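**Q** Below you will find the structure I want to go over with you.
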Amino acid sequence: MLRTLVGVALLALPAGGARAGIGRAVRSSRVAAAPRVRVALAAEAVVAVAPAAVTAAAPVEAPAATPAKAKDGKGGGGGGGGKSSGAPGQPLVIGLSHHTAAVEVRERLAVKEAEWNNASKLLLQRCASVQEAAVLSTCNRFELHLVASDRNAAIHDVLQFLVERSGLNEPTLWQNLFMLSGEDAAWHLLRVSAGLDSLVVGEGQILSQVKACFGHATSSEGSAGKVLSRLLNVAVAAGKRVRSETSIAKGAVSISSAAAELAEMRSEEALGRPFEGASICIVGAGTMSRLLLTHLASKGMTAVRLLNRGLERSQELAAQFPDVAVSCEGMEALDDALRTCDAVFTSTGATHCIVTKEGLEAVMPAERRLMLVDISVPRNVELQCNELAGVSAYNVDDLKAVVAKNQASRRRSVLEAEALLASELDGFMAWQRTLDFVPVIGKLQANAEAIRAAELAKVGGKLSGLDAKQREAVERCTKSIINKILHSPMTYLRTGGGEQLTTREIVEGLFDL
């Protein structure tokens with residue numbers, strides 16, 4: 001069951017079917033990915049309002065000062081930084097995705113990968129209640145993975161941060177955000193990494209993005225500490241394990257392949273002709289464009305115009321497709337491509353619309369038909385382009401119809417994947433519970449050492465006849481006795497033992513009796 005956020009009510013709204021989750025055997029009660037989630041303060045009503053006119057999110061500027069860091073090392077034991085705190089915090093995720101928000105809302109919060117760490121640092125500066133932070137921003141989701149001891153305070157602080165960052169008002173954010181804490185937040189990240197929460201179930205790009213999130217957050221410039229570093233590391237390992245031990249990735253489509261499929265499906269409707277033989281232009285030369293070229297080539301495309309700001313990158317991409325005649329051009333050729341091509345795919349890092357209704361109207365010949373497929377977030381194609389006669393414009397939200405048939409065939413693989421994720425989650429939660437015992441273990445060791453030293457001091461006179469080597473042997477022997485006596489209790493505490501046990505069972509467990 002979803003962990004209750006004190007002061008926060010989570011109301012699930014239907015959108016695309018029930019979520020399946022597996023626990024130690026079957027986590028049937030866990031909230032996973034599909035329903036739309038509305039979050040509201042218990043004392044307030046959510047006001048459902050239409051989103052305001054939307055523009056792309058502003059770039060994140062690096063803050064002037066960096067928050068205090070408490071480095072613990074990398075690779076699951078600690079991260080690049082985060083605020084030091086006496087009490088270990090709990091995982092918390094606040095964000096939105098294709099499940100909960102339309103693209104015009106998602107793009108208001110989108111952050112370029114190069115700015116993830118700057119955004120995390122700024123968040124820690126503005127939100128005193130948050131101890132650790134990492135940003136995961138893709139075309140289909142924006143998520144803040146956090147660690148905080150006081151969930152209510154963190155939610156309040158982060159909401160204000162997002163209001164300032166996005167320009168959206170609070171009611172609109174409440175309507176579109178989802179919030180999960182504790183075990184549910186960890187479970188969500190594992191599902192995301194495994195591709196189970198993706199628009200296209202099983203797609204592989206999200207694992208690379210979670211891995212990038214881990215790399216940035218645990219770098220010297222990152223804002224992850226012990227808990228978040230461990231969780232991100234577990235998520236990456238779990239994503240790899242799911243793909244190697246289940247068939248979830250076999251035959252899976254990607255956003256790019258779904259875009260190619262959509263263009264083929266809608267070609268008769270949008271262009272009045274089959275997609276085969278259509279003149280095609282791709283704007284952008286990144287990973288999504290490379291995948292798009294791959295899938296379009298598999299559908300028989302033999303020639304394409306590739307537009308990008310830098311010709312060097314487009315030429316490198318073109319060299320990977322020797323069987324396709326790729327014409328590499330600069331962005332100044334965009335108007336001509338819109339005027340002459342049948343289908344134009346856009347996938348750039350621009351934070352604004354590069355194809356607008358006004359601009360398109362100025363270059364489009366009369367009686368011409370054009371299909372625009374925009375797989376960028378923030379969007380590259382203005383929604384109002386659809387108002388022009390002969391123009392059919394699609395964005396990432398239109399891909400849902402294409403991938404729906406992919407979901408049903410993958411249900412068994414999803415269940416298998418969630419069973420593996422459940423064991424990974426149990427391991428992380430067991431580790432996190434041991435954090436509460438770290439101060440106790442330290443005190444136990446210090447207390448035992450103080451007793452040992454005091455007892456040796458009492459018999460110091462009797463040991464005066466010992467030489468240096470003999471005294472060293474006594475020191476080693478007494479320390480070894482203490483360590484062996486404490487070994488079982490400390491192991492017991494580190495493994496999270498003692499939950500719901502009787503006093504007798506606790507003592508037996510502590511001393512391995």
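Using the three backbone atoms N, Cα and C, a Cβ is placed for every residue, glycine included.
For reference, TrEMBL lists these features for the protein:
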type     : residues                                                               : note
SIGNAL   : 1-20                                                                   : signal peptide
REGION   : 61-90                                                                  : region 'Disordered'
COMPBIAS : 75-84                                                                  : compositional bias 'Gly residues'
BINDING  : Thr138, Cys139, Asn140, Arg141, Ser198, Glu203, Gly204, Gln205, Gln209 : substrate binding site
SITE     : His188                                                                 : site 'Important for activity'
BINDING  : Gly284, Ala285, Gly286, Thr287, Met288, Ser289                         : NADP(+) binding site
**Q** Using all protein chains shown, find which of the binding-site residues Gly204, Gly284, Gly286 scores highest when you count other CB atoms within 10 A of its CB.
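**A** By the 10 Å Cβ neighbour count, Gly284 comes out on top.
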**Q** Could you tell me the C-alpha distance between Ser289 (NADP(+) binding site) and Gln209 (substrate binding site) in angstrom, no decimals?
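**A** Cα to Cα, Ser289 (NADP(+) binding site) and Gln209 (substrate binding site) are separated by 16 Å.
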**Q** Please list, in sequence order, every residue of the chain apart from Thr138, Cys139, Asn140, Arg141, Ser198, Glu203, Gly204, Gln205, Gln209 whose Cβ lies within 8 Å of the Cβ centroid of the substrate site.
**A** Gly195, Leu199, Ile206, Ile255
**Q** Cβ neighbours within 10 Å, counted over all protein chains: which one of the binding-site residues Ala285, Met288 has the most?
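**A** Highest number of other Cβ atoms within 10 Å: Ala285.
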**Q** Do me a favour and check the Cα-Cα span between Gly284 (NADP(+) binding site) and Thr138 (substrate binding site); whole Å is fine.
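**A** Distance between the two Cα atoms comes out at 16 Å.
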**Q** CB neighbours of Asn140 (substrate binding site) within 10 A?
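**A** Summing over all protein chains shown, Asn140 (substrate binding site) has 24 other Cβ atoms within 10 Å.
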**Q** By Cβ count within 10 Å, point out the most packed of the binding-site residues listed: Gln209, Thr287.
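**A** That would be Gln209, with the highest Cβ count within 10 Å.
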**Q** 10 Å Cβ neighbour count around His188 (site 'Important for activity')?
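**A** Other Cβ atoms within 10 Å of His188 (site 'Important for activity'): 25.
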**Q** Provide, as an integer number of angstrom, the distance between the C-alpha atoms of Thr287 (NADP(+) binding site) and Gln209 (substrate binding site).
**A** 12
**Q** Taking Cα atoms as reference points, rank the binding-site residues Thr138, Asn140, Ser198, Gly204 by distance from Ala285 (NADP(+) binding site) and give the first.
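**A** The answer is Thr138.
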**Q** Given the recorded positions His188, Gly286, Met288, which one's Cα is the least distant from that of Gly204 (substrate binding site)?
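**A** Sorting the recorded positions by distance from Gly204 (substrate binding site), the top entry is Met288.
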**Q** Rounded to an integer, what is the Cα-Cα distance in Å between His188 (site 'Important for activity') and Ser198 (substrate binding site)?
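**A** The separation of the Cα atoms works out to 11 Å.
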**Q** Rounded to the nearest angstrom, how far is the Cα of Gln209 (substrate binding site) from the Cα of Gly286 (NADP(+) binding site)?
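**A** Counting only the Cα atoms, the answer is 14 Å.
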